[in-house]
Every structure is written in structure tokens, then in C-alpha cells.
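Record features, source TrEMBL:
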- 6, 42, 74: [4Fe-4S] cluster 1 binding site (BINDING)
- 149, 153, 156: [4Fe-4S] cluster 2 binding site (BINDING)
- 1-111: domain 'MTTase N-terminal' (DOMAIN)
- 135-372: domain 'Radical SAM core' (DOMAIN)
- 373-434: domain 'TRAM' (DOMAIN)
Ligand code: SAH
Ligand code: SF4
Ligand code: F3S
């Protein structure tokens, strides 16, 4: 199993492995040991498909040894048929909405049946069929609550690869989280392409027919054993007051919000079809900070979208200064075939994008360093997640999603312990049991 892309893909890979377990499959360290290779791909930025083709090239020997090669994920969904034509090594292609069919496909050997392209959209069926108990890899686990996107930002392929927004029911999610809690999970991260667009069926007997994400978080917080709840990725358009209030009132909801804005220029935001302004975004951040003053804000930025001139980029820098991010991802705009942005006038030259990205990242690095530095000297509750590389070392997470390295016995993994933060590295904190 090789996974590219977002956490949804990481989760899907986990689920695919789980589904194949009853057939006797287990994950191997190297492709050379594999009978079945699944490439779980991402389509979000350029060269994604190219990476998959070169990976398939490297798998030639494995293939010659008799292994089956499958392509899954968003490239599979977007370009499945083209991929099959170009790379005959591929035995079958399976899109994100068809993973529940995997055991069947593998069991009857796709080649023999003749059907090799599985890219229909049937998300609900997928959710139902994937609801079997799981074996998580540690005390922190992902749970998909929502899939798909109806927002159609003009730069983005996700609405085409993941389909329309679909929410799982609160009961189905609760069941999965309960099962996870029973096998030692302490923290769940609720996943969705637009997770705060979640509006799932409320449990029978609840006062409303549907709930919002804030209500779901409060409900899950009551499950014994679950100590921390997170969610990602949110969209500014779906950030309702119920969710913002939950940050102030539900202590198990961790003080970290990933809320991408993409640009600080209203003209560019309009061209991106984001459906919000820089000002409305800043107001939301302010509200969230009022509800939970210590919250860490994170985001995504795109530089060099068509029509972005120096003044528009400066507005992005200005918004970034105002928000003061704890962490933020930033990307050069990448022209994705089939999206409206790809054919817009005034595409920005590659060198200009690179130069702007550098300036933005310099600012974001400073902000991140300052946020980390501000934790030094404090005592933070840290969820111990896994052994570190050095003997006696354990790695955990702060409430603000920072990795924390400390000396502790590995038997304590799964506990939330007080850690005195003593220093910081480039992307992590160092501490001692407090
Ligand atoms: N649903 C999420 C994001 C999904 S994609 C949201 O709306 O926030 C993750 C990030 O990839 C986006 O936030 C965006 O910053 C980036 N991205 C998506 N398409 C891109 C493109 N064509 N070029 C550059 N970055 C892109
Ligand atoms: Fe893509 Fe926009 Fe949907 Fe996010 S909201 S997945 S960026 S189209
Ligand atoms: Fe990539 Fe698909 Fe996720 S395009 S970012 S794997 S939704």
C-alpha cells in the first residue's frame, strides 16, 4: 500500500487494508514482498499522475513476479481509463467510492472477470460496508464523517474526484468511535473534505432531525475513553456559531482550527469562487479566538492564481500578518485540467509564483517559530502516541497539534501526561515529564 495526498487517503488506505485482512492479506514493508500493490493516489496538484506512472515503472519486476497492481484514489477516479490505456501493468482501477468492493474484486481476480474499472459514485453504500470494527495504529485515529465537496473552487479537482457532499449519520459515527475507544483510542480526528459542512442524521430521539458538527463533537465527547476530538478540513462558508461555541464550551474539543482561506484579495477570492471575503474570514477568526483565546489557527494559501498581481499578493501577506498563523500550508497555484482556473487569462509565470511563495513562507515560518517559542516554559497536556527514534524517547502531541519529544517509558503510550516544554526544534517541541 502506497499512499499520497490528504488524511482522507491515509484513512482510506487503513480501511482498505482492514477489508483485505479476512482474505489473508497484510501490509508489507516493501513492494518486493507484496502479492497485491495498491497505489492510493492524489490528484490535487501537478505531476500527481506522473508520479504514479513512474511508480508503476519501478514495479516492473514485482509485476513480473506475479503481483497484482491496483490504482486507487483521486487519480484513479479522474483518469482511470486513460491510465489503463497507458499502463497495461495496471490490473484494476478503483475510485474512492468503490472501496467496499475491494474484497470481492480481489477474491475473484479482476483479470478473469474482465471488469477492471470501478469508479461509480455510491458513497452511502461505501460507508455502510466500511463500518466493520477496525484495528487502529495507536491512541489517535481518523474517522471519516463527511465526504465530497459541492463548493467548486475554480482551482480544485476534489469536487470531480470525490463527488457531492455526503454526511454519515451520527449513529454510525458514534458506533465507530465507541469501537475505537474500546481498543484504546484516546483521540479522534473527524475527517471530511468540508468537514464542517457535516449535517448528518441525529440519533433517534434527538430534538432535531439533523445535527451540525458542533453537536456531533459534544456528543462524541461523552464516549468513555475519548479524551480529545479534532476535525479537519473546514471551510469558512460552513463555520457556524454552534461550532464556534463548542470550542469555548467543550474541553475535549482541542484548541486547533484548520481554516483555509487561500488568498487575502477579495478579487482573487471571487475568481476562485470561494464564497467569502478576506474580511468575513478575519471576523470568523476573531469570533473563534473570543470563544477560545488560546486556539491555534492554521490554514492553506495559494499564490499565483490567475490574475494575482503584486498588490493582490500583498493583500495575502497582510491577511497572513493579521491572522498570525500557528501553522499554515502554502502552495504555488497548479493548473488542473478540467477546472475553470486552468483556462483563465493572466496565468502567473512560474518564477513569479516561486518568488511569492518564498516571501510568504518566510513570514509563515516566523509565525510558526513564534507560536512554538511561546510554549517554552509552559506545562502542556501531551497525548503520548508512539516511541521516538532514540531509545527511551516517546513522541506525543500538544493540544495545539505540535509534536513533543520527551523521555518516557513506552508503556505509557496512550496516556495524557503533563509535560514541561523546555525547547523547540524546527517542527517540534522538547519537554520533560512535569
Ligand atoms: N477542502 C479543503 C481543501 C482541500 S485541498 C478546503 O477547501 O480547504 C487542500 C489544499 O490544497 C487547498 O486548501 C488548497 O490550498 C490546495 N490546492 C487545491 N488545489 C490546488 C491547486 N490547483 N493548486 C495549488 N494548490 C491547490
Ligand atoms: Fe476544493 Fe474548494 Fe472543495 Fe476545498 S472547498 S475541496 S478547495 S473545491
Ligand atoms: Fe488528493 Fe484526493 Fe485528498 S486529490 S488531497 S487525495 S481528496
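Any Cβ shown, glycine's included, is placed from N, Cα and C.
Nobody curates TrEMBL annotations by hand; they come from automatic prediction.
Mapped onto this structure are the features recorded in TrEMBL.
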residue	record	Cβ within 10 Å
6	[4Fe-4S] cluster 1 binding site	18
42	[4Fe-4S] cluster 1 binding site	20
74	[4Fe-4S] cluster 1 binding site	26
149	[4Fe-4S] cluster 2 binding site	22
153	[4Fe-4S] cluster 2 binding site	22
156	[4Fe-4S] cluster 2 binding site	22
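On the backbone, the CA of residue 74 ([4Fe-4S] cluster 1 binding site) and the CA of residue 149 ([4Fe-4S] cluster 2 binding site) stand 13 Å apart. Helix, strand and coil content of the domain 'TRAM' (373-434), in residues and according to DSSP, is 4 helix, 34 strand, 24 coil.
Within the model, the domain 'Radical SAM core' (135-372) shows a mean pLDDT value of 96, rounded to a whole number. Same-chain residues with CB within 8 A of the center of the 6, 42, 74 CB atoms, the [4Fe-4S] cluster 1 site residues themselves not counted, are 4, 5, 8, 9, 41, 43, 44, 48, 73, 158, 161. Under 6 Å, Cβ to nearest atom of ligand 2: this is the test, and of the binding-site residues 6, 42, 149, 156 it is passed by 149, 156. Same-chain neighbours of the [4Fe-4S] cluster 2 site beyond 149, 153, 156, judged by a C-beta within 8 angstroms of the site's C-beta center, are, in sequence order, 151, 152, 155, 157, 158, 159, 193.
Ligand 1 lies under 6 Å from the Cβ of the following binding-site residues, listed in sequence order from 42, 74, 156: 156.
For ligand 3, the binding-site residues lying close by, meaning a CB under 6 A from one of its atoms, are 42; the full candidate list was 42, 149, 153, 156. Under the three-state DSSP scheme, residue 42 ([4Fe-4S] cluster 1 binding site) falls in the coil class.
As a summary of secondary structure, the domain 'MTTase N-terminal' (1-111) carries 65 helix, 16 strand, 30 coil according to DSSP. For residue 6 ([4Fe-4S] cluster 1 binding site) paired with residue 153 ([4Fe-4S] cluster 2 binding site), the C-alpha to C-alpha distance reads 17 Å. The closest partner of residue 42 ([4Fe-4S] cluster 1 binding site) among the binding-site residues, by CA position, is 156; the full candidate set was 149, 153, 156.
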